[in-house]
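Over in Swiss-Prot, the protein carries these features:
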DOMAIN    1-115  domain 'Cyclin N-terminal'
DOMAIN    258-519  domain 'Protein kinase'
BINDING   Leu264, Gly265, Ile266, Gly267, Ser268, Phe269, Gly270, Leu271, Val272, Lys285  ATP binding site
ACT_SITE  Asp375  active site, proton acceptor
Amino acid sequence: MSLFNNHPELDFTMREMLIDWLINIYFDQNVEISNRSLVSGIMMIDRYIYLEKTSISRKMYQGIGVICLNLACKLDDTKILGLDYCEYICAGIYTADILSNLEKRILKVFKFGLHFKNILHYIKLISIKENVDDTVYVFARLMLITILFKTNYLTIKTKSMAKNLMNFSKWFVNNKNVEIKNPIHIYFFTELRRYITHPHFTSINRLAKEFRIFSLIKSRIPNIIYLEKPNVFSKEIIPIELQNSLTIEYTENQLNNMNVIEKLGIGSFGLVNKVKFDNTEIALKTHHPDDSKEIIVESLREINNMIMLDHPNIIKMHGYYYSQGITHIGLELCDMPLYKKLDKGNLSPELKKSFIIQLLCGLKYLHNNNIIHRDLTSSNVLIKGDTLKICDFGCSRFVYDKKIIGNYSLDVCSVRYRAIEILNGILPYNEKIDIWSCACLIAEILGEKFLFRGRNEIEVLDSINRLLGKTVGSGRVGFSMLEKHYPNETQIIYKMLDFDPSNRPNAKLVLKIFSECFVAQSELLVNNQKTTIDKNQIS
């Protein structure tokens, strides 16, 4: 199947022009696009073209390209292109409304499932595993973008393509042998030679200079010899599949037929209403940003991440609807946020233990699925009966692999729950920031209102340094009330608050430690009760 079977107005020359144009946007000083977002954006275009069954007109192709690049930035970068920039860079070909509708259509076709492992992901993993030379890695990145000019990459598995690119890159950079015999390597070389000197498509030449490997390439190319080989790639594209999801996309009619029962909350994100839909009461969360016709980052990430989740301690997303910047998310209805449950007091020791274990079970599930929540607070944990559910994934971040460091924002986590590395402005960080926030939450469940007090970062840092010491254990005041009533639990909390994230236990280990702690307490309680009964019987 050809990529353009359903789109007779599109062709491969147009695609080359589009890719070259998108790569040149990478050099615009007014925007910041990561290498990963550039690659993801290009691959997202092809995935969309493959999945879209409605014929795409020639005029819309450029708009699709820039919108896919913008969506890739929203998922992976700290800054986005934005609809205004997309309109500007397209020289007024499209209005904001047209671009907004294109974005809506692309999201609809993908069913909001935009996460996929691209070739760069595997190149990075191979580079880390094999500890390859920086020049080899940079050259492999250039080669990846070079081969994206053609659609042959769609006919071979992503991981296999990454391995072939890395092997060719190691050969090109390090091998003094001037003859290429491997057919795939011959293909890579001919593509490199074609685009590095192309009179019209200048982006690869610019990238090579940007990556500081142009001189290396220029010196190597004239000396390499090879025999022409037939195309080694299949003509058949490997089928592209969507993420599995039990979540439905609401229609406009369904949304209009939802009866609002009461307002549950309002904030900077928008509002949450209790509504009735299909004879079921749900919570309808609405993001309504001012003067924006595009989906905001928080909404995109929230839906993208939640469609992958299915766990009793994670809030369930029933459905969603998006149009012209406004996003509606249908969520499982719960009784109240955790902080209200705690404010009521009178939680039994067993319920406190249950909440702690459930919190850790939910967090373990998130981290196992490569999601960092980044905003765990007692407002973002809900209670339904005696069940605890983690909610609000607007700040969450999907991590393709824990070994790969992404572009992360420091503007995450409510300040009182914010890990010390973020307060100190240290990048990069990882899922261990959730362990710190979780420690603060566990302390709340046990009865400590806030572990660290303060209205801003400076005051919270001062509180942390006063209670925990400026270095681990030095001059620590500690949590005296917690230690008095919950000595064993407090020692675990201290471990979760280690200043060095690498020393903090992961969610799986914290769950294990708390479970063992609670089992030991139960056994001790049973033994004490038995001893008391025996003494009474003797007397």
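Keep in mind that glycine also has a Cβ here, set from the backbone N, Cα and C atoms.
Mapped onto this structure are the features recorded in Swiss-Prot.
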residue	record	DSSP class
Leu264	ATP binding site	strand
Gly270	ATP binding site	strand
Asp375	active site, proton acceptor	coil
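Between the alpha carbons (Cα) of Asp375 (active site, proton acceptor) and Leu264 (ATP binding site) lies a span of roughly 20 Å. Applying an 8 A CB threshold to same-chain residues 6+ apart, the list for Ile266 (ATP binding site) reads Val272. A simple way to gauge crowding: the CB of Gly270 (ATP binding site) has 19 other CB atoms within 10 angstroms, across all the protein chains here. Remark: secondary structure over the domain 'Cyclin N-terminal' (1-115) totals 72 helix, 0 strand, 43 coil, with classes taken from DSSP.
Note on the domain 'Protein kinase' (258-519): mean pLDDT across this stretch is 91.
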